[in-house]
Amino acid sequence: MSEQIAAVRRMVEAYNTGKTDDVADYIHPEYMNPGTLEFTSLRGPELFAINVAWVKKTFSEEARLEEVGIEERADWVRARLVLYGRHVGEMVGMAPTGRLFSGEQIHLLHFVDGKIHHHRDWPDYQGTYRQLGEPWPETEHRRP
C-alpha cells in the first residue's frame, strides 16, 4: 500500500474514532477543504480536527465511514466512502431528527510533501436529506 493511500485510511480512521492527536503526521500545515470556507478561514491539522469533531457532534459518536474503493494517480487519491450516522446535532439550521442515515461520498485528496493538502468531497446530500425526513431549517445556519 502506498503512503498516500495509508494517509487517506488514517484520515478515515480519525473520522471513525474521533482521535485527532496525530493528524499533523498526515495532514499538511496548509490543509484546506473548500467546503469549510463559508464557515472558517482556518487551515491545517486544526481545521481537520474541527471537522472530525463536527461530524461526531452532528452525526453521533457512532458515526463512521466505510471504504468502498480507493484509487491513486500521481499526487491524487480518490476515495469512495459511505457515511453512516444518526442526526443528533444541529445541521445547517435543522434541529436533530434522531434518524439514522447512510450516504455515499466521493473524496478527492491532493498530496503535497507527502501529506493531505487539498480535500474535496461530494456527499449524497439529496439522499441524506430524504432519509432525515426533509426537515426545515429552524435557525440561520452558522457552522462553528
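Placement of Cβ uses the backbone N, Cα and C atoms for every residue, glycine included.
In the three-state DSSP scheme, Q105 (substrate binding site) falls into the strand class. Taken from Swiss-Prot, the feature substrate binding site covers N51, Q105.
Figure note: comparing Cβ neighbours within 10 Å for the binding-site residues N51, Q105, the maximum is reached by N51. In this structure, N51 (substrate binding site) is part of a helix by DSSP.
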